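These notes are about the structure you will find just below.
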């Protein structure tokens, strides 16, 4: 199995006013294999978003390196293979769903026919096909989350990075999203998601990583971690690892 | 489609919906329209007043529109985090900045054209003809506005919206007063102060170069050669401002 994401000795230090420093990530190492769903867990401020932003090239490492499919994130070719759903996505509110997908499709330089076909498919997949003429300003939080997922998939990515993908969704929407992610995994996609919902991670992730204060505290398959830490539930395991630190 | 054009199209669409910019445009049109009312201040010089007020209004309100639009173009993308979804896609940061500038230029062209057409119609009603000098003045104002857009955009790639606005306006006023500054320096004896002032004189764009209003208002002839040279001067500064903007934006953490 080849490696989709390889992170080596990644350190991210934020420089604040008055020469103060905050360490977002410290000597972080991680490898995510192609085709797996990897769940990133941690309390608020643990470094999850810093990690995702560094992987995506939105912020830059202080030390260490990140490779995606063997190449650095600055490589435009690599970006063609990535789909990203941010937490609480916000898009250009005057556009409709199809217009938004068309805009992102243009950035990926998709041929017109492919773009239209994918756009129609994705809108149906996320349950927004009936609302084609509705501007995004009229979307609910859950609908924005769903159009965000469609945008993340417009380029048929090999790697999908999702930051809290089910935050604004109702139980049905959450279930549909989980089913969609499992289907994408069947198609060979690699998925990296960060989430606060332990039950969601438990249901779909092959491996998990728990981080706090910029350090990776535990990594592995859930069953193995439960056995190793002698805990019965995922919640107990999570709390034990964070407290043991 | 060339990627900066995709960004430009989207940015232009977005700017068209900004109520603040629309309000500035309406206010400028009211001011241009009311320029005839100012003529009571200078009896017998109604035409000069219309030209002067009209061109000054186009320049000043055009400047405000450009600065607000430029700041909005970058800061709103950062604040609303739409930039997160864009920069993770195969879009180079430099293409984003160039695209934003092209979108701003389109917006500038639209606002400038509406103000200029209204002004020209007003002049035609009064004079039944429009001198070539007016078109020369308008051309120079348009390139001045492009330069202001590029500066405001460049500054907003690495600072807060409030600082960008203050700095851009400051540069605009300093750029217009630069000739006075040079005259004042003639009486200064301190060598260091003179060197420093000369340094700034060389790097700050001289916006007065774009100002031929006073000449045009009293029908003094301005050569096309001067218009072409000043346009070139403006474009060089636009390129420099964009390069600075690209440099800082490539280093900016989002």
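Indices start at 1 and increase along the chain as displayed.
Using the three backbone atoms N, Cα and C, a Cβ is placed for every residue, glycine included.
Summarising the annotation, TrEMBL assigns transmembrane segment to B:21-41 (among others).
The annotation transmembrane segment is assigned in TrEMBL to B:53-75 (among others).
Feature annotation from TrEMBL assigns transmembrane segment to B:96-125 (among others).
Residues or ranges marked as transmembrane segment by TrEMBL: B:137-155 (among others).
Annotated transmembrane segment per TrEMBL: B:162-181 (among others), in sequence order. Long-range contacts of the transmembrane segment (B:162-181) within the same chain: residues 63, 67-68, 70-71, 75, 148, 151-152, 155-156, 197, 201, 204-208, 211, each at least 6 residues beyond the stretch ends and with a Cβ under 8 Å from a Cβ of the stretch.
Beyond its flanks by at least six residues, the transmembrane segment (B:231-249) meets 93-94, 96-98, 101, 139-140, 143-144, 146-147, 150-151, 153-155, 157-158, 205, 209-210 of its own chain at Cβ-Cβ distances under 8 Å. Among the features that TrEMBL reports, transmembrane segment is placed at B:231-249 (among others).
Among the listed stretches B:21-41, B:53-75, B:96-125, the one sharing the most Cβ pairs under 8 Å with the transmembrane segment (B:137-155) is B:53-75. Distant neighbours of the transmembrane segment (B:53-75): 11, 14-15, 18, 20-21, 24-25, 27-28, 31-32, 35, 38, 100, 103-104, 107-108, 111-112, 115-116, 119, 122-123, 134, 137-138, 141, 144-145, 148-149, 152-153, 156-157, 160-161, 164-165, 168-169, 172, 211, 213, 216-217; these residues of the same chain sit at least 6 beyond its ends, with a Cβ under 8 Å from one of its Cβ atoms.
Long-range contacts of the transmembrane segment (B:21-41) within the same chain: residues 15, 49-50, 53-54, 57-58, 61-62, 64-65, 68-69, 72, 107, 111, 114-115, 118-119, 122, 126, each at least 6 residues beyond the stretch ends and with a Cβ under 8 Å from a Cβ of the stretch.
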